[in-house]
């Protein structure tokens, strides 16, 4: 296919128009007084949101060269979202500012490669300053503050801090759409997996249709159980001890299942059987997790163990087990804390090493189940449009909170970036590298400038006042006052602020050094050609 090529200033201006089209759509959402953007959907109601990355993903421009610029900035927002989960609007605003200032200097004759080196050195210096001044986050109140700022709602902040308190910082917190109007937190304590009882005859509570076992033994195996003789020795020992039993196996069928049900109906002893969770190698790993959590052993031929030789000390224990039609929950397993801790460390190491997003997600689920349970935030709202918007805000706030726990917090409202700009004074560079540093210095003001503009203030006056105030003193756009941001609870995760700047500078520097754009020539006569081709079908009339 034929290509169209543009060079030099024409190429850079086309990219800049695309960058501006996307950035102007996103920047109006920044800050507590930012506006919403309505996104049209082919199916269903339009989506109303103030989430930068969601808006960026929807934008595609007709002009192929302008679209390249828009897609490059979209990459800034997407990468920041992937790394930190929030800060996508800040990253977009920073990228636009660096590109705008950079292109001015390139047009005036500066060397783009020199500017690029200056930008990289400046960003490194600012990131060091952000990391140095980040404060670790410990208290429940601090977690609530971070979540509240990100979501723009104090109630959501409290909900997320409650969830983190209950399931721990490594715990899984999921966000789901609720049926009703209220947004609430539901916590599943202990380990839960998606397998229910094999027969409804095993239930102990007919009202709730669930089986509850108190202080039971747990037999864990990766084998199929078909003959009762395989498990008879261990069953007899459990009956003698007067305890209940949970069997987790690949499957239980035929004579073995019938015998267990018969004993339950006669009241001889209570036993519930469930299938093992997961598939293949993941199933083996999950069975091992359950064994470590409950202090049992997986009966598997890989370890040279046979079902008929199982002894009672190979069985796991737990305070309580709840089994419904679809899931099993193990509460307070009796495993050794040291063993659980080393298993958690091993899974964390696997998470760091894996390159597959799917594997990482599954490993994080396993980690959460071992580390203390799962919290579900159920999002309620009056309309579906409101629910979707609220769900996006909660997901952003959750990601921001995790980032804050990881690397600490800095003053919010764009204040940390203006403070960090002072670190650039120590860089003694010359020529175009010095110009690169000046570009970053100006760009660091842009988020604060935009927050002030969205609140109806003159951005340059606000920036000047914040720069002359002490470190950490910023502009609270909500109360329209200048105050200590951290003391006022206006904080941003250091990881979000750092990632936004690094990703913005990376893409902006690449764009400044672009000299040529190549694109397909849009075909103008596709529709006409197709219709002309169909014209020949008129001759088919003679076939009748």
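Backbone N, Cα and C define each Cβ position, glycine as well.
Sequence annotations record features per position, and here Swiss-Prot assigns ATP binding site to 29, 30, 31, 32, 86, 87, 88, 89, 90, 413, 476, 477, 478, 492 based on sequence analysis.
DSSP classifies residue 90 (ATP binding site) as helix under the three-state reduction.
Packing around residue 478 (ATP binding site) is summarised by its Cβ count: 15 other Cβ atoms lie within 10 angstroms of its Cβ, all protein chains included. Summarising the ATP site geometry, the residues cited as binding it (29, 30, 31, 32, 86, 87, 88, 89, 90, 413, 476, 477, 478, 492) extend over a maximum Cα to Cα distance of 21 Å.
The 10 Å shell around the Cβ of residue 90 (ATP binding site) contains 29 further Cβ atoms across the protein chains shown. A 10 Å cutoff on Cβ-Cβ distances gives residue 86 (ATP binding site) a total of 34 other Cβ atoms nearby, all chains included.
Listed binding-site residues: 29, 88, 476; maximum Cβ neighbour count within 10 Å falls on 88.
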